[in-house]
Amino acid sequence: MQDAENVAAPEAAEERAEPARQQPVSESPPTDEAAGSGGSEVGRTEDAEEDAEARPEPEVRAKPAAQSEEETAASPAASPTPQSAQEPSAPGKAEAGGEQARHPSARAEEEGGSDGSAAEAEPRALENGEADEPSFSDPEDFVDDVSEEELLGDVLKDRPQEADGIDSVIVVDNVPQVGPDRLEKLKNVIHKIFSKFGKIINDYYPEEDGKTKGYIFLEYASPAHAVDAVKNADGYKLDKQHTFRVNLFTDFDKYMTISDEWDIPEKQPFKDLGNLRYWLEEAECRDQYSVIFESGDRTSIFWNDVKDPVSIEERARWTETYVRWSPKGTYLATFHQRGIALWGGDKFKQIQRFSHQGVQLIDFSPCERYLVTFSPLMDTQDDPQAIIIWDILTGHKKRGFHCESSAHWPIFKWSHDGKFFARMTLDTLSIYETPSMGLLDKKSLKISGIKDFSWSPGGNIIAFWVPEDKDIPARVTLMQLPTRQEIRVRNLFNVVDCKLHWQKNGDYLCVKVDRTPKGTQGVVTNFEIFRMREKQVPVDVVEMKETIIAFAWEPNGSKFAVLHGEAPRISVSFYHVKSNGKIELIKMFDKQQANTIFWSPQGQFVVLAGLRSMNGALAFVDTSDCTVMNIAEHYMASDVEWDPTGRYVVTSVSWWSHKVDNAYWLWTFQGRLLQKNNKDRFCQLLWRPRPPTLLSQDQIKQIKKDLKKYSKIFEQKDRLSQSKASKELVERRRTMMEDFRQYRKMAQELYMKQKNERLELRGGVDTDELDSNVDDWEEETIEFFVTEEVIPLGSQE
């Protein structure tokens, strides 16, 4: 079984790094000059020995008297003894010098140890003050193959480097060619653009025939500013005719050293990952789900089956926290201290890994091409590492980002097709495009006071809202991308808060608006319904004066459900958005014990659940005629998960939220309980998603029309399955009975073999035969006399 914890580095690298973890870091070998001066080293060690003998406390080591300050600084600070500092691990001349420089008493101790006279070595060690000193020297056969970059990479990158002064210079091409009359204006424009990245201390505009040449040189106060300018200003569009190309001046040397001869790249072997969507070809069309139990120590993958779940794969310590499926179900992501691993295929082999120390959160792009990881541990001003976007196919890092402390996950939100992703900061909405990972049109949107935004699941439309500012009303804006055209703006007044809820197909947008009308107390909620598929995007409003607990759209329909009121008077209302724009109340159920709404992925059916504090009350509702099919309870249920087909639903009690009664129960969409699966310290269950169907809407309609024809085939398969299950049950019981008979026969034979031993132990009395003869029985009757006393109630006094 493949080790799931091997994420950030191959096993070979771990084995190479193992000696470094077991031994202290070896010091760098001394110079040839120091190695050759063996006599002076001995003299210094003799002085050190005299100083050590003169000290009253032998535990305190004396610094060599003849050692200079430079040599002191060069010796490792972490070395506990001068011996370990003078015994280099490198071979050759340095090793010979180190051997000469060793303390004479140390050689005497080795000779005494080789002769076996430990009693003589001990007094010498006490005289030298080395009785309790541990040895941190490397063994003679130790080979340190761990480089300094691996151990001290974060420290070495900040070491001083020699600079020739041109690291701070950049070259800007495609600059407008102007004469002396417009040169000053051009300089002001250039300075305004490039001074955002740092202080410009010098500039140079080459001229020819009275005009600039079309390229300029800018020098910054720091090389970091120059790098920042290249990163952000390259590709900047000044106007329709001029788009800047920015490079470092030092890049000239890099490009001039490129060989004129073309080296044919090595052909990379194709890595066959197998069929990553094999589960979709399962004959019974069953779904898979993952289960984490034993407080996270074990993770299993199961086939969902009506009778019992069928285990596919089970591994210990597969993940360190939790798991997550990709949006189309292709990959299973596991979390580790050193990064993320992706698994897939019929054997769940490791597909890819991404090294991100301390990763806590991830997010996939809807197209499964990119992975976003977040870690609070790694982030620097020069090298942003808090958020990293990875290419899943290649495993390469695409870009890193900083993370604000007040941000909410997911920080980046993806468009429905994965072509764009966006993030919100103070008064700014930044939209990036793939695969370049650069800003759309090289600039962010300045939106003063922006509070929240959300992508449409059905198109490249982004919705955002801005609160009121003095006399300016709050507004909700719909923007088409990449053109940035505002297709609808809705002004709102007396707004406290807004929430954006998209219908799964992007047909509707509901903006839940909490507001405080003038002259009234309390909060009133409006549901602003945007009909996205109609011209000019008309808006309808539903007002509710009760407290709103939950809101949810039907995934593939035009209905939505609202939980409102306060316990114990909680109600659920179902609304239907008609084609003419009228919003109709279909049904309202009173006195519901629910705080969450869970729609089936296929629509029509919904589960109203009272999770955690409401003790797991469940109501299964069919919204086609608004009937309650069943009311049940899973005590202290913490989660509800629909399967991708909408046929089954799982309720569970997670060990993460409740420490007892941890289990998951499987129900039909009608509310009929099929299974109760108890798992020790059960933590999490996640269904494996399915990719979108390849069938067209016309084909789906035709299948629904011919459902009766297919249902006969399904019923026949069900009967065969039941018959097969019955045969399997009978066969299993027959096998169990046969196993019992064999065990009973073996026990009887063993019992008879031990008869002689029993006779000997019981003085020749055959106790086996005492109960076999009825004539030897003695019958004894024992009578118990019971006195009954009746006391009338009236005569108790």
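Keep in mind that glycine also has a Cβ here, set from the backbone N, Cα and C atoms.
Annotation comment: Swiss-Prot describes Met1 as N-acetylmethionine.
Annotation source Swiss-Prot lists phosphoserine at Ser37 (among others).
Among the features that Swiss-Prot reports, phosphoserine is placed at Ser68 (among others).
The phosphoserine annotation in Swiss-Prot covers Ser75 (among others).
According to Swiss-Prot, the phosphoserine annotation covers Ser84 (among others), on the basis of similarity to another entry.
Among the features that Swiss-Prot reports, phosphoserine is placed at Ser105 (among others), with the record citing similarity to another entry.
Sequence annotations record features per position, and here Swiss-Prot assigns phosphoserine to Ser114 (among others).
Here Swiss-Prot flags Ser117 (among others) as phosphoserine.
According to Swiss-Prot, the feature compositional bias 'Acidic residues' maps to 129-141.
Taken from Swiss-Prot, the feature phosphoserine covers Ser135 (among others).
Marked as phosphoserine by Swiss-Prot: Ser147 (among others). Cβ neighbours of Ser147 (phosphoserine) (same chain, under 8 Å, six or more residues apart in sequence): none.
In this structure, Lys192 (N6-acetyllysine) is part of a helix by DSSP. If you draw a 10 Å sphere around the CB of Lys192 (N6-acetyllysine), it holds 9 other CB atoms from the protein chains shown. Positions annotated as N6-acetyllysine by Swiss-Prot: Lys192 (among others).
Long-range Cβ proximity for Ser222 (phosphoserine), meaning a same-chain Cβ under 8 A and a gap of 6 or more residues, is found for Ser168, Gly198, Lys199. The feature phosphoserine is assigned by Swiss-Prot to Ser222 (among others), with similarity to another entry given as support.
Summarised by DSSP class, the composition of the repeat 'WD 1' (315-353) is 0 helix, 21 strand, 18 coil. Look at Swiss-Prot and you will find 315-353 tagged as repeat 'WD 1'.
Annotation source Swiss-Prot lists repeat 'WD 2' at 355-400.
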